[in-house]
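In what follows, a single structure is set out as structure tokens and then discussed.
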Amino acid sequence: MAILHSPSVGLEDMAKLTDLQDRSILENLQLRYNHDQIYTYIGSILAALNPYKSLPSYYDKDVMLAYNKRHIGELPPHIYAIANDCYYSMWKRNDNQCVLISGESGAGKTESTKFILNFLSEMSQASSQASVPQLFPGGARLRVEDAILQSSPIMEAFGNAKTIYNNNSSRFGKFIQLQFSNEGSILGGTIQDYLLEKNRVVGQNPGERNYHIFYCLLAGVSDDQKKKLYLRDPSSYSYLNKSGCIWDQTIDDEENFQAVMEAFTVMKINDEQINDILSLLSAILTLGNVQFITAGGAQVKDMQPIQIVASLLNVDEYQLCDALTLKTRLLRGEVISTPLEVDQATDSVDSMAMNLYGRCFKWIIQRINRCIKGKEFFRSVGVLDIFGFENFEINRFEQFNINFANEKLQEYFNKHIFSLEQHEYNSEGLEWVDIDWQDNGECLDLVERKLGILALISEESRFPKGTDESMLEKLHSNHAKNAFYVRPKVADGRFGIRHYAGEVYYNTKGFLEKNRDTFRDDILTLLKESRSDFIYDLFETMLQSKNLGDDKMMRKKPTVSSQFQESLHSLMSTLNSCNPYFVRCVKPNAQKASAQFDANLVVNQLRYSGMLETVKIRKAGFPVRRPFPDFIKRYKALVYKEDQSQPARLCVSLLSRLDDRRQLWQMGKTKVFLKETLETQLEKDLNRELGLLASKIKAYIKGYLARKRFKRIVAQIVIIQKTMRMQHCRRRYLKVRSAVIVFQKYERARVARKVLEYLKEEKRKEEERLREEQRLREEQERRELERLKAEEKMRELEELKKKIEEEARQRQEEEEAQRRLEEEQRQADLEKVRQLEIARKQEEEEARRKAEEQRLALEEEARKLAEEQEKLRIEEEERRLLEEVESHQQELDRLRAEQLERAERQIMHEFDHSIAQIDDSEEDDENASKKSDDTHYFEGFLQMKTGGMVNSWKKRWFVLRDETLMWFKTKQEALKSGWLMKKGGGTGTLSRRNWRKRFFVLKDTNLSYYESDSNNAKLLGRIDVKASKKISDSSYGRENSIDVETDDRTYHLVAESADDCSEWYSILTRVKNSQDFELKLMHDEEANPKNAIGSLDVAIIDSVVPVNITEKPNCFAIITAERVINLQGETPVGMNNWLAALTQYHKGKRTHKQEDILLSGWLTKESASTGTLARVSTGSRKKRYFVLTANSLEVYRSVELQQKMGAIALNSLCSVTLPDEKIFKEEGSLGNILSNGVMPIDTPIQSNGDKATPPSSPAQSNSNTLRRRSNSLVSTLMRSSKRLSRLDREGYWKFVVHGRNCSFNLYTVSYDDAWKWTYAIQDVIDCKPKLETPFQILIREIKESAIAGDLTSIERIFRLNPILRNTPHPLKAPLLPLPYGMIVSSNQEKGYTTLNDESVKVFNSLLGSENLPDPMPVIQGILQTCHDLKPLRDEVYCQIIKQTTGVPDPDSLGNLRNWQILACLCSSFLPSRNILRYTRFHMKRQIELYPDTQTARYAEFAIEALKRTRSRDFAPSRSEVIAILGRREMSATVFCHGEGSCQININSATTAGQVVHTLVKGMGLDKCHNRFALYERSGHVEKAIEDRTVIADVIAKFERYKARGLSDRGKPWQLFFKLFCFLDTKDVAQGSIEYSFMYEEACEDVIRGFFPTTPEKLVYLAALRTQFIRGDYVQNDWIRDLSEAYPIDKLKSQPKKEEIDHAGFPMKQRKENIISGTLRGLGEKTLKKLQKSASDDSILDSVYADDISATTTLVIEKWKTLKGMSPEKAQESYMSVIQQWKYYGARLFEVESTDGRFPPNLWLAVSASMVAIHKQGEPNPIEEVTYEKILSFGAPIPNEYKIVVEGRRHELSFETNQVFEIAKLMKAYINEIVRKRQSLVSINNGSIPHKTNGNMTDSAVNETYF
């Protein structure tokens, strides 16, 4: 409160100065500043000097309360006084208010803004303590006022930075609008930002810092967070250490970080989003450390920063590397990648960093606005805090925009303070002398007018070749003569502007680049593919700068300056609608020091801001101006007793009381003009008078309240008395009642005793009766027992008699059986004799039969030969008749056309005649056809017959709407109808307890149900849906059920499927909640094809004609290309109406307005074929005229559009394929096949997609049938070949248009026409709105509810929509909209049809998976389908999510099976963004619902899998699927030399680079001299695996190879770890692991024959290898497999020489061992033929067995001499021999030369320094080429490798199947050369070179493909 009690120094209001000079104003400000009185008034304008120190007592809460409701001038000047007056002016002036805070950078604008916000927040809270707080997560509540204040730390951290003039300079502009209620509390607010200085992120001026948040992040995060975010010391970041200023003692970064974190929590930014923001900031800092080197274009020097950035942004590191170093574009449907230069790549990194920060800042502002957003408000107060005027030594594009904004604000200030005010004085007729002031309008015209500076900059920015120099030249030529434009005398790339604050020169370097705000589409696409939802949200709405592939279709992207200009105009419009207050902040010195006053600096600010003129006009003017009625209305309380009829006289009367000399006021024509002091006095009098009146009102109210309270007390006393009396009466009543109960008790006891005696007597009599009955019953049972015993004895006697008789009978039967056996034996002997006789006869019969068969076979062969001759004769005859058939065909076509034309003329004549005979008549309203004006459709009953086998007429209800003809079973009066199961609601009891199937019809608001769906069905009941109490979905109780609750009872309804239930529930709830007009709209909606039993697209109708049928009058026919539909009207008028409705389609002619046709022309259309051509093409081709409109693509026979041949209605699901050059070339070969007649005539004919089977035998075929089939086939073939002969000489470009029901295969000769049609059709498709299914709509609603945190709405959506939940019924249609058209698959055996069909098949597989004993085939089949059909992945995700939602038992087998499939999907493929979000939401929801279940564990596993999933080349292998089902990592075996191997654990996203890094680190090879890599290996076949390749893909590939039996020599496929690049072979220490790898690879090269040396050395090396493996020689030891140490393939490939054998020894020494006549004795030519023709290696082995044996002997002899040599010594000796070769370390590739100057068989040696060409087997090269001389290399065509050498006339060309291996190795070596050079440069510059790991890199030189 010291400010309120300290004595005032100088004048508080400079409008009271008598000496109006700059000197007097300056002295007054300095005097007050020296006494810490930093605020001074100029009327209602506040001048504030920055004290550069803390003044806590100035801004206490007590000070705020003191200035509350105080007028300006009552207390010392203060910014709170301005805020207070602005606050209460919302009611006093009844309009919006705004405060404009202006001044130079460092003058204190940001702090002033915070003081005003604090004051307004305090006033808001004081005005209404009942302000509604916002509910935050966790139950915390916070007021809107506090939320707005808490946003300040966030905006300062992200938008402010230290500059040379200000430690907390705002580097963006903001307009904060606070929205107030009528009671004065803040309801909400908005923040609008302007021109964030993104360039500061990547570079700062010396002595300045980057944005505060970066330093806060590094200072405030914990150590654990630093590790997770990969943060380091600030000095290590390039984006922070460039300016030389990192720390500032006046800024506490750690404390500011904690404030930002707290503010994030207040703004409802959750922990996940905070972590995303921090990760983004860390990624931006790390991006600055990405460096590039020149190696065939820009290449990343160190991949570590790239890997960190990719991890933080959740993108693929290799894609990030490509996006920063390559520029892609689409050319002729092919993506072309071009390397960037180093400068361009650096600009890409900076652009990416700036846009990441800019979009993050926008996101934060949007989140703050969402948090503080209010509803409807009364008035608002806006506070503008925008960057101050800046004039640095070097001013750039940012300063130009900042100063332009300040010019606009100065114009606004001048307009309100000088221009408008003086104009109003003159117009109102006041006595006034105009005051001169500096007008900056001409300066603004220079900048923003047409062809001004802004326009020229934007125009030059849009020119692709525009430069800063060309822009500057245009500025000079257009504005050099302007008085406010300054052209430097020396051409130094600058231009100047004379601003209101002085002359400023701008450096134009980088102007256009910053204005374009270049952000390459490659980087944008990469960021949109990020797995992080946060990163995707930042760039979701950001559009690409152009469409790939067509530079002519570039979008006109707005420039930065134009966007800023538009936002600035919007700001000025907002300010012009408000009443302004001005705060002028003044900077007292440039050193930011306290208690220093620089008079020159201050006076300059006063002059250019027009402070002197402001003082003058405030001193002489009347700032308060009110119309007479408003003035009287405001101060009516002071004159309410006077006459109100004359406002002007009343105003004079009131003002004269206060100032009768009229010095403080004047009267205008319509307004009163006042000084501010007089207004203050009026306000005081008004408040005093209102206080008196309020006291009277209070007295009356208090009296009223007292009387009311007295009456309430009296009423309460009466109630008490009444209660007491009632209590007394009740007590007396209870006493009497107690006595009566006693009397009743005794009487009841007496009666009870009497009853007891009676009951005892009755019980005694009953017991006696029962005893007598028991005695009689026992007597009867005794007699019965005696009778049964007698009968038993008689039965035993009879059985004994029967037993004796039976024994006698058995003895007789045995004797009889003995006699039969003897007789059978005798008969058997006789039968044997007969069998021998029969066998002899059969042998004779068999001999005769064989002879007969031989005879018949000869006859059959003769018959077949005759039939073959007959067939050849028939074919010859067909060829002879072919020309005649073709000539007749044209004549038949002509005659058929003439007949059709005559028939149409006759039909139309009869139609006209029938129309003329029609009389006017009344029509039945029920059956009459009618046209609705509201819904624009035609409808009515018609009899229908479609032809076919069932020739019957049926009555149908027809509707013609939206160019679709639909027919329904009944009239569409019902909104919906169908069968439902019903229980409850019937008139009988049974109907309420049993389920009955009823046909339900919903008409208007009545739901009726019938016994059947026939027209005369009995009505059983009716439900008024509108009057029902409740309609609920009770599917949780019973599947697919709905409950309709009425006043009387509840109806339970059950639908057949979940979709049907969802539709019924939706329509019933809509009817219940709808109005009358909505019911009508719903009725119109139901007339659509989905409810019809049939439909026809009117666009494909050829003609509509009347038909004369005797028994069926009033008939007409609809004719299409596929069928004829006969229809009969009820009356002639009805038929006439229908024909009139289809008039525009009469004869297939459709009239198009010229402006409706987008494109038209002739194209060749391919139609479906059922003949032999189906094997080559899908059908015959004919020229047709095509018309493209905004809705369809239509086909006509001719240009007159007379006969339509078909159409495709275009929507967003249609597609068009791009013209392909490959298809263009293939069409030529197709024509050659057809024209040459190569195709056999007897090829099986295809009909309806099925192959017709030929006759089983020639005898069963008929010659006439064969002749007809052949004639038809030949004529079709010849006609097609003639049509294609011209086509194939040039070739056709093909493109395909896919529609809902059909696809068009279209051809054109012109390349430009093909692309023109493709783009035109695609544009139509793109313009169509995206089709959404109900499932997609529900997903969007769930997303919106989740963002809002409305869990209740989410559960309600799941409860009310069965389509989201599990169902046991098959799926009839996909859940998502899928593109039309047949699936084109590279593997035709998979048999894919359409996406819709495949989606239904997948769902059916899901339903049956739980019943399978082995689900693996189903799971792999689904994964393979998703891999092949990328558009189907989202659908499959949604199907599985549906099936795992709302299941009764989460751990049931079926549910877990679906979760297993979902886990496999998440590990293999990523869905689209929206489905990915829904998938994550679903998994988290299931975890919350079922926390301790297997479902939750699978969901957690799947969520983790989604974070790391990469794009895959193969569907998962069986082993990978098994690992995923077990929720574990899978094991992979990596092999190395010496049969060594190791097991590593990998997941579905582990790459080869990660595996190599793990192995290198595990083996201690971090500091190795050479590079390692993984290989795919089988036998001698191996291929290096790129670092980015997913290992799971390689394993899947191995699984497919194994299934197909693809391997080398039966060896299994392996992952092999070995050396890739030999960079340094001399410095490797012996005995090290790296040395062992070098040794093993050397042995492998020798064994494979890739080491050129003499036979003697090969023998010596083999002996050393044997000594190393087996040790010393043992007596009689033998080498069983020489191939383990010696290249035996050399023996088989060497030609035989007479004088020297294969081992190099004279032949004479071994000639005696050669046996003449053996294979060794064959001549050389014969042996070569044998080598060439042998199909089995065993033959060659037998040929060379002696050579191998002899060589083995030599090796053993040499082995014996090495006795005692240790394995280490043997290894060293082996390597010494290998290293004697000069080119050791080079990898040899077998190639064939296409150049005659070289031998045909060569070795291409690729080493670390050069590429050499060797003749195979020769140690010395033919030619050496260093990498410095290589201009380009690559594979222009498969299996051909070319190297372009500098200075060489012809390129080196080789044929090999290892082109990619060669290019990969050359890239790696060139990259290493560049790295070494870069390291040397770094060492010379004093920096530390980067050390690379020993693994293969993939960021090498990009080879150029010719």
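Cβ from N, Cα, C; glycine included.
All annotation found in TrEMBL is predicted automatically rather than curated by experts.
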Range annotated as region 'Actin-binding' in TrEMBL, from 39-61, 62-84, 568-590, 1120-1142
568-590
Quick check on the annotations: TrEMBL lists region 'Disordered' for one of 764-787, 1244-1267. Which range is it?
1244-1267
Between the ranges 868-889, 912-933, TrEMBL assigns region 'Disordered' to 912-933
Output the single range from 9-687, 1366-1525, 1530-1877 maximising the number of Cβ pairs under 8 Å to the domain 'PH' (973-1073).
1366-1525
Beyond the site residues Gly103, Glu104, Ser105, Gly106, Ala107, Gly108, Lys109, Thr110: chain residues whose C-beta lies within 8 Å of the centroid, for ATP
Asn50, Asn166, Ser169, Gly388, Cys585, Lys587
Name the residues of the same chain, 6+ apart in sequence, whose Cβ is under 8 Å from the Cβ of Gly103 (ATP binding site)?
Lys109, Gly388, Arg584, Cys585, Val586, Lys587, Gln605
Excluding its own, the Cβ atoms lying within 10 Å of the Cβ of Ser105 (ATP binding site) add up to 20
If you skip the near sequence neighbours and keep only those at least six away, which residues in the chain come within under 8 angstroms of Ala107 (ATP binding site), Cβ to Cβ?
Ala48, Asn50, Gly388, Cys585, Val586, Lys587
Neighbour tally for Lys109 (ATP binding site), based on other Cβ positions within 10 Å of its Cβ
24
On a simple 10 Å Cβ count over all chains shown, which one of the binding-site residues Gly106, Gly108 is most densely packed?
Gly108
Please work out the helix, strand and coil residue numbers for the domain 'PH' (973-1073) from the DSSP assignment.
18 helix, 41 strand, 42 coil
Sort the residues of the region 'Actin-binding' (568-590) into helix, strand and coil with DSSP and give the three counts.
9 helix, 8 strand, 6 coil
What count of other C-beta atoms do you get within 10 angstroms of the C-beta of Glu104 (ATP binding site), across all chains shown?
26
